[in-house]
Amino acid sequence: MAAPAVSGLSRQVRYFSTSVVRPFAKLVRPPVQVYGIEGRYATALYSAASKQKKLEQVEKELLRVAQILKEPKVAASVLNPYVKHSVKVKSLSDIIAKERFSPLTTNLINLLAENGRLSNTQGVVSAFSTMMSVHRGEIPCTVTTASPLEETTLSELKTVLKSFLSQGQILKLEVKTDPSIMGGMIVRIGEKYVDMSAKTKIQKLSKAMREVI
C-alpha cells in the first residue's frame, strides 16, 4: 500500500527539481513558497500529505526526525560524510522501523538519503514547519526585552499585538531577553519591525548631539 505514496512523492520532488510541468503531477501548492533545495522537498511533501489529509501527522513526525538527528550518536553515523552509504541506510532503516513513521515521512527520509541530501534534513523540516505555520494562519512575533516581563505586562502586550491581526490569524509569540538593549523593547511581527530599545534611543541621542556640536 505504501508504494503509490512513495512513487508519488518521488515524482513530485523530481518535478520541483527539474521545473518540468507534467500532466499527472497535480500538486497542492503550499500557502507560502519556500525557495532552495529544502523548499522543493518540503513543497512536494506538503502536496502529498495534503492530498492524504495527513499534514498534522507528517509535521509531528518531521519534528521527531529533527530531534533524532540532533542526537550525537545518530548524527555521527547518519550525517557524517565519511560514513559509508550502506551504514547510513542501515541506521536510517533501524530508526524508521523503531519510530514507525508513516510512508510519507519514511519516503522523504529515503529520498534524502538516496540523493545525498541528509544534511538538508533540518532545513526541510524548518521549511515544512513554516508552511504549516502559515497554513494555520499563525503570525510570528518576536519581542526582545532587557529583562523578563511581568505576567501582567506580558498579558497587556499580547492584547495590543493581537489587535493588529486580521480575522482568523493567530499570534505566535516568542519573548526573548537581551540585556544589551538596556531597556524598552524590540518588536518584530510579521514583516513589521519596531525598535523601542533604550540602546537605540541612546545611539540616536548621541548622534544628534554630535551633529549639534
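Yeah, the Cβs are placed from backbone N, Cα and C, and that goes for glycine too.
According to Swiss-Prot:
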type	residues	note
TRANSIT	1-23	transit peptide
MOTIF	5-23	motif 'SIFI-degron'
MOD_RES	Lys54	N6-acetyllysine
MOD_RES	Lys60	N6-acetyllysine
MOD_RES	Lys70	N6-acetyllysine
MOD_RES	Lys73	N6-acetyllysine
MOD_RES	Lys90	N6-succinyllysine
MOD_RES	Lys158	N6-acetyllysine
MOD_RES	Lys158	N6-succinyllysine
MOD_RES	Lys162	N6-acetyllysine
MOD_RES	Lys172	N6-acetyllysine
MOD_RES	Lys176	N6-acetyllysine
MOD_RES	Lys192	N6-acetyllysine
MOD_RES	Lys199	N6-succinyllysine
Pairwise Cα distance for Lys192 (N6-acetyllysine)/Lys90 (N6-succinyllysine) [Å, integer]: 46
For Lys60 (N6-acetyllysine), the number of other Cβ atoms found within 10 Å of its own Cβ: 13
Nearest of the modified residues (Lys73, Lys90, Lys162, Lys176) to Lys54 (N6-acetyllysine) - Cα to Cα: Lys90
Which same-chain residues, if any, lie at least 6 apart from Lys199 (N6-succinyllysine) yet have Cβ under 8 Å of it: Ser180, Ile181, Met182, Gly183, Gly184
Intrachain C-beta neighbours of Lys70 (N6-acetyllysine), sequence separation six or more, cut-off 8 angstroms: none
Cα-Cα distance linking Lys172 (N6-acetyllysine) and Lys162 (N6-acetyllysine), given in Å to the nearest integer: 10
